[in-house]
């Protein structure tokens, strides 16, 4: 059996621009894409921390080193510049490989610089 598992996550990325008329859905700095293993045209899920919007789109390459997170086309209606978002990609992982599977997680500051990388999410305690 294959399970859909979190593959890569950009946590608390800041939307740097919105382009309603631009072709493509979410342009992300290539350095950030590579950090979490998200590929060009790969399906991504975007969770807007500011307004609760959750939507599915796809990633396109943004200029390397720009720290760009640009919501384009219809996705531009879901976010404003400066909004904090979580961007996730998922992958099918065979149940037999779950023991060695780890997601690639990157935590960002307000300027979309990576401040921390992890392979797991800490245990939440009561």
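Positions of Cβ are set from backbone N, Cα and C atoms, glycine also.
Note that the structure is a prediction, hence the values are computed from the model and not measured.
Taken from Swiss-Prot, the feature active site, schiff-base intermediate with substrate applies to 25. Spatially close to residue 25 (active site, schiff-base intermediate with substrate) yet at least six residues away along the chain are 57, 58, 59, 60, 71, 72, 73, 74, 75, judged by Cβ distances under 8 angstroms.
Packing around residue 58 (active site, proton donor) is summarised by its Cβ count: 16 other Cβ atoms lie within 10 angstroms of its Cβ, all protein chains included. Feature annotation from Swiss-Prot assigns active site, proton donor to 58; the stated evidence is sequence analysis.
What Swiss-Prot records for 57, 73, 74, 75 is substrate binding site. Within 10 Å of the C-beta atom of residue 74 (substrate binding site) sit 11 other C-beta atoms, taking all shown protein chains into account.
Per Swiss-Prot, the feature pyruvic acid (Ser) maps to 25. DSSP assigns residue 25 (active site, schiff-base intermediate with substrate) to coil, not to a helix or a strand.
Of the chain residues outside the substrate site list 57, 73, 74, 75, 25, 26, 55, 71, 72, 76, 77, 78 have their Cβ within 8 Å of the site's Cβ mean position. Ranked by Cβ neighbours within 10 A across all protein chains shown, the binding-site residues 57, 73, 75 are led by 75.
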